[in-house]
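Listed features, source TrEMBL:
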BINDING   SER140, GLY141, SER142, LEU143, GLU161, ASP189, ASP207  S-adenosyl-L-methionine binding site
Amino acid sequence: MSFVEYSDCIQDGDVAIVYLGHESMTPVKVKRGAQTQTRYGVIRHSTDLIGQRYGSKVTCSKGGWVYVLHPTPELWTVNLPHRTQILYTTDIATITMMLELKPGSVVCESEPQLLKLHIIVSVSPVFILPVCVCVSGTGSGSLSHAILRTIAPTGHLHTVEFHQQRSEKVLEEFKEHRVDHLVTVRNQDACKDGFGVTGVADAVFLDIPSPWEAVKHAKAAMKKHGGRVCSFSPCIEQVQKTCEAFSDQGFEEINSIEVLLRVHDVRTVYLPLPDFGPDPSVQIQPDSTITPPQNHASIAVKTTIPPRDVQGHTGYLTFATKPRT
């Protein structure tokens, strides 16, 4: 099992996702002889998991059943142990697209404060050589796993984590998920010490309290032919200072966006067919007692219902381009 390569069957040492329901999932480290307790009963790893195909329906000791799923970055995002705040799939997808990450990209990551995952990513156009990406702040590893899947099998992630215990823990998780060959973890402050690399990044992502302090280090980490940089900030005041820093450092095409997810509910509704009166082509005798039939037919159509409550603000994504030097 690997987060970047699909395996058909569950093996000893894998990390599997036990799916009890859409709002109830849990990651499980598969170990021969071990057991996992669920509300539907016990799952015995040796007999119920090892050797089974991913996606199988597993019957628990109480007669209930669960699905065992192959881990993906999206499933890991909603099930990971929270050591910090994290980025979620909506923002991660936008970041990956706007930074043009692809297989062969190299990523650098660091976290200067006790905050969530921070990333610096650099991207080169599709027709250029393999891309290097720098990411500021490893945090809980939500964005890191998504980047690793995107840049595999030839890319590399350089992640810098300010907090020593978190950097050690995330390195342990990378080894468990068998992606450690794609990542290098450093314990340092991105705002003061940079990202540990110079002139190798094609794109940079910053998710730190004061990203404007790391803009010069991001520029130094990026390749001479230029690239893209993104900063994630929850407050508009942070965005203003970061945009000023981008401008002072010679970045171009500076713009900020906010991504809000609205999930529409698809329903079937029945609409009555209009009654246009009797058919004028049908002649009715004056003394006829026959009355035209009443048409109460209806038609079924699919429609969407917008949500009453929209997910609240997460943060602003500020993008900029470093020109070729």
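Here the Cβ of each residue, glycine as well, is placed from N, Cα and C on the backbone.
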Binding-site residues listed as GLU161, ASP189, ASP207, least Cβ neighbours within 10 Å: ASP189
Neighbour tally for GLY141 (S-adenosyl-L-methionine binding site), based on other Cβ positions within 10 Å of its Cβ: 31
Cβ neighbours of SER140 (S-adenosyl-L-methionine binding site) where a neighbour is any other Cβ within 10 Å: 24
Neighbour tally for SER142 (S-adenosyl-L-methionine binding site), based on other Cβ positions within 10 Å of its Cβ: 25
Cβ packing number for LEU143 (S-adenosyl-L-methionine binding site), 10 Å threshold: 32
